Amino acid sequence: MPQSNFDRKPHLKNGSRKRPRPPPPPPPPPPQPTTGNGNNKSAFQPPQDHTNSNNNSNSNNSTTNSYLLPSSTLPKSSSQASLLSPPPSKSSSPHPFSPPPNPLSLPRFPPMISPGLPDVAVCYNKKAHVGAGMYGVVFLAKDKVTGADVALKQMNGLGEGGGGFPLTSLREINILRKLRHENIVKLHRVVAKYEGPTPVTLFLAFDYLSYDLFGILRSPNVPVKQEHIKSWSFQLIKGLHFAHQKGYIHRDIKPANILVSSAGVVKIADWGLARSFPPPDSAKRLTMNVVTLWYRPPELLLGKKNYSQKVDIWSAGCVIAEMFKNKGSLFAGPKDPDQIKEIWEMLGVPPPNSWAATGDCKEKYDEYTSEREYSSENKLDATMRRNARMHGYVTENFLKLLNGLLCQDPDQRITAFDAMDADYFFDKPLVIKTENMKDIMNFKQESIHEKNVKDRKQMDKQMDMAG
């Protein structure tokens with residue numbers, strides 16, 4: 001079998017333990033003899049590693065990566081407040097071995113209107129409106145110090161006087177502090193807009209990426225090739241594997257939330273719906289109203305409350321299938337009942353003695369199956385061969401991977417770990433290393449996002465009505 005540019009087991013790269021740290025240097029002799037039982041502790045501490053290593057546990061990140069927030073914006077519950085607590089105070093004359101201040105926890109701009117978050121107007125120049133959603137809007141902005149472009153995500157929900165902190169923002173900040181990976185969007189800092197001394201709007205500053213998959217797949221003039229699809233699919237799964245390994249579910253994987261840089265690097269964005277898994281309270285059931293409808297797995301559509309990270313795997317399968325298709329989503333029902341019916345028409349209905357007819361799912365399963373008869377035939381392979389934009393590349397190994405991602409039974413659905421090792425990624429054409437992707441990113445349009453496509457459709461509609 002041909003060798004890929006990636007290791008056969010790329011997910012095992014980071015499995016080794018770190019080398020033990022050397023012991024700290026002995027403390028200097030005291031200036032004068034001491035008396036007592038000899039239990040005096042030296043003020044000298046060993047140097048600490050404050051780098052954002054992806055191999056480290058999440059447990060120690062809450063202090064080193066804390067964000068300074070004004071006290072008026074902190075949530076009242078202790079569990080939420082701890083996520084955004086300021087770092088411990090430093091001595092005015094730090095010890096030579098003490099760690100440097102973390103750039104994510106300290107404002108870079110000394111003059112601020114109010115203690116806490118930096119003022120957005122001091123930090124950034126807004127250039128353009130590039131996106132919108134339930135959370136608010138996204139702007140392309142320029143960092144006034146570095147000159148770098150950033151995506152400035154405006155969050156709704158602070159409320160009058162800045163007294164309330166949006167829960168989705170709180171989760172996104174907390175989770176992205178811990179998920180440092182090349183295929184996960186990087187949160188640079190948190191800033192705010194002020195009215196007097198009061199923060200009234202919160203902004204999250206991320207890397208700006210030129211494209212998202214929604215814009216790419218729905219732009220007729222963008223030449224998407226097999227090499228793009230295979231590399232983007234692998235990067236998407238690799239990012240999910242890292243998040244799942246760290247104990248998180250994204251819960252909204254869809255093309256608009258998969259960003260692509262001008263160099264071809266994929267980054268998973270929009271972590272506002274993400275949750276830790278398993279939940280801290282194992283008896284608590286997770287919210288079912290998550291994942292955009294067209295990418296929602298059967299277990300959620302049937303009402304299963306105790307779901308797992310496999311919901312992300314189903315969504316990733318829908319996205320990968322969409323990259324191969326000529327146009328549109330694989331399943332595109334307008335409402336929940338229509339969506340599950342589309343899935344069953346293509347993949348077949350689960351039998352009455354299966355997972356779908358038990359527990360939380362039984363009521364809806366009985367309701368939907370009583371309305372009409374469904375075949376048990378799986379038509380996914382034939383559908384992909386018939387509708388693929390590149391017919392020659394819908395290989396047996398690709399279909400094997402896709403069927404694993406889109407297995408209706410969540411317990412039998414493959415993991416991201418399994419998907420990364422699929423034979424498809426080691427067939428020719430091989431997966432291109434991310435550092436070499438820029439060689440095939442010859443798109444004529446400098447920027448394509450979901451908003452560009454929707455704006456263009458709205459303009460076409462208005463022109464049709466006027467004509």
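Placement of Cβ uses the backbone N, Cα and C atoms for every residue, glycine included.
Quick look at what TrEMBL lists:
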{"type": "REGION", "residues": "1-106", "note": "region 'Disordered'"}
{"type": "COMPBIAS", "residues": "10-21", "note": "compositional bias 'Basic residues'"}
{"type": "COMPBIAS", "residues": "22-33", "note": "compositional bias 'Pro residues'"}
{"type": "COMPBIAS", "residues": "34-50", "note": "compositional bias 'Polar residues'"}
{"type": "COMPBIAS", "residues": "51-95", "note": "compositional bias 'Low complexity'"}
{"type": "COMPBIAS", "residues": "96-106", "note": "compositional bias 'Pro residues'"}
{"type": "DOMAIN", "residues": "124-426", "note": "domain 'Protein kinase'"}
{"type": "BINDING", "residues": "K153", "note": "ATP binding site"}
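Taking the domain 'Protein kinase' (124-426) as a whole, pLDDT averages 89 in the prediction.
The secondary structure of the residue listed as 'ATP binding site', as reduced to three states from DSSP, is extended strand. The Cβ of K153 (ATP binding site) has Y135, G136, V137, V138, F203, L204, A205, F206 as same-chain neighbours under 8 Å, each 6 or more residues away in sequence.
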